[in-house]
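Feature annotation from TrEMBL assigns ATP binding site to GLY16, THR17, GLY18, LYS19, SER20, THR21, ARG122. Annotation comment: TrEMBL describes SER20 as Mg(2+) binding site. The substrate binding site annotation in TrEMBL covers ASP38, ARG62, GLY84, ARG140.
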Amino acid sequence: MSALTKNNIVLVGFMGTGKSTVGALTAERLGWTFADTDRWIEEKTGKTIPEIFAEQGEAAFREYESEALHELLGGKHMVLATGGGAVLAGANRACMLAGGLVVALTAPMATIIERVRGDSNRPLLQGDASERVRTLLEKRRGAYDFAHMTIDTADLEPAAVAARIVAALQAGSL
Ligand code: S3P
């Protein structure tokens, strides 16, 4: 399937790689709608992500996440930022690949640690954030490789990342 026929853009990547910032900018450039699976879950449940993890556990959160993906990718002209762990389920990956152009954002570990340090909204990084990032990155090695394209955001401003995504979509070469 050519990228031109893809209905949506799906951003995947580890926490702190800039999916939400880049996603909103990409949507603005295209005149498309921006959505974020975490925000969708919070609106649906009326709870914050930390509350869901604490009260219902990670497994329940993952179910909401799959539901969000299926619901949001059913439409078109949407740029969707997904939670860093959304790629772990094969069914989610299949849903993303079928629903849009999947773009993985990456960043060096030091950059990620700098960005997420002190953030109380990410339950999986509570405690020693550096150690948690290190362990999770190792555990998730290769998890984002299924994407149609990957952009290393280390030396790029969010607007430049968005420009690359738009160019790839319009080139239709994927
Ligand atoms: C998670 C990433 C978070 C959020 C939840 C779990 C993960 O989203 O979905 O805290 O498993 O990597 P961001 O990647 O937007 O931080």
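Just so you know, glycine gets a Cβ as well, placed from its N, Cα and C.
Note that the structure is a prediction, hence the values are computed from the model and not measured.
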Alpha-carbon spacing, LYS19 (ATP binding site) to ASP38 (substrate binding site), which is rounded to whole Å: 12
Listed binding-site residues among ASP38, ARG62, GLY84, ARG140 whose Cα sits within 10 Å of GLY16 (ATP binding site): GLY84
Length of the line joining the Cα atoms of THR17 (ATP binding site) and GLY84 (substrate binding site), in Å: 9
Those binding-site residues listed as THR17, THR21, and which of them has the most Cβ atoms within 10 Å of its own Cβ: THR17
Site with most surrounding Cβ atoms, counting all protein chains shown within 10 Å, from the binding-site residues GLY18, ARG62: GLY18
Listed in sequence order, residues with CB under 8 A of ARG122 (ATP binding site) and six or more positions away: MET15, ILE49, VAL116
Protein Cβ atoms within 10 Å of ARG140 (substrate binding site), excluding its own: 14
For SER20 (ATP binding site), the one of ARG62, GLY84, ARG140 that lies nearest, given that the binding-site residues are compared by Cα: GLY84
Candidate nearest GLY18 (ATP binding site) in space, where candidates are the binding-site residues ARG62, GLY84, ARG140 and distance is Cα-Cα: GLY84
